[in-house]
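Engineer: Have a look at this one.
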Amino acid sequence: MTPRNMTTMSGFLLMGFSDNHELQILQALLFLLTYLLGSAGNFIIITITTLDPQLQSPMYYFLKHLSILDLSSLSVTVPQYVDSSLARSGYISYGQCMLQIFFFTGLAWSEVALLTVMSYDRYVAICLPLHYEVIMSPRKCTWAVAAVWLSGGISGTLFTASTLSIRFCGHKIIHQFFCDIPQLLKLSCSNDDFGLLKVSTFIAVMGFACFMGIAFSYGQIFSTVLRMPSAEGRSKVFSTCLPHLFVVSFFLSTGICAYLKPTSDSPTTLDFMLSIFYTVLPPTLNPVIYSLRNQSLKRAIKKLLLSE
């Protein structure tokens, strides 16, 4: 696409990771493989937590919704990039870009909120076991998940509305494989991105509050676990808590690094790796991470895969 066309086109040009067409095809195939594996893993988690009567506790109810979020998150960015790479265009329309922003930011915030709820669930189960059924009743769990999805919708709406107010000019090239907000801010013609910065600051403060909630929950959990006299009891607790703690740490640390790192006109390999780490790898690896040390999930997965 010529510079003149890139200036006058209504949409954007996603540069992805390479200008070389052969490498683009290879990357598209790797992304497609990752998408299929991640979709299959999350679909299996959704299926067994829905159908297996032994996996109906609040922990698995929240895990099912986490898998729904992960499956949706993968579907927002990866298929479009694979399609544009194989078509050798890299073009994404303005409307498609705004939809990506809405769903990506909404789902990302929903995941942060749900991970916070899941850490609270583990805190109540381990530190307040006698009150667990009252505090985490089915009705309250349903309300918690509804609040997670609603907050995600609000977050996506705020980000999209503030992005719509920005005027873009110059070569509308996004050095990313999806419509990433930091890259879009570089294309702003004037100082009309103040609204988006205010929304980003608000969401960052709320995200920090969620992080503090998660840190408090796990501080209390580890304090309780260390006082347990039974090694078997400690092992059982760690088998359910460590996967969740790893998922939270991986998702938040890579996302924070990617968004706090200043954007450059010539993105490095590190920039692209960070974007993959917080957009593609967490939703792909979450089913594996949660299944590694959870015997109930392992048995349910074997039962599903081996059933005739």
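Keep in mind that glycine also has a Cβ here, set from the backbone N, Cα and C atoms.
OK, TrEMBL features for this one:
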TRANSMEM  25-49  transmembrane segment
DOMAIN    41-290  domain 'G-protein coupled receptors family 1 profile'
TRANSMEM  101-120  transmembrane segment
TRANSMEM  141-161  transmembrane segment
TRANSMEM  194-216  transmembrane segment
TRANSMEM  237-260  transmembrane segment
TRANSMEM  272-292  transmembrane segment
Engineer: Would the transmembrane segment (237-260) count as touching the transmembrane segment (101-120), if touching means at least three Cβ pairs under 8 Å and pairs must be 6 or more apart in sequence?
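Structural biologist: Yes, the transmembrane segment (237-260) and the transmembrane segment (101-120) are in contact.
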Engineer: What mean pLDDT does the predicted model reach across the domain 'G-protein coupled receptors family 1 profile' (41-290)?
Structural biologist: 84
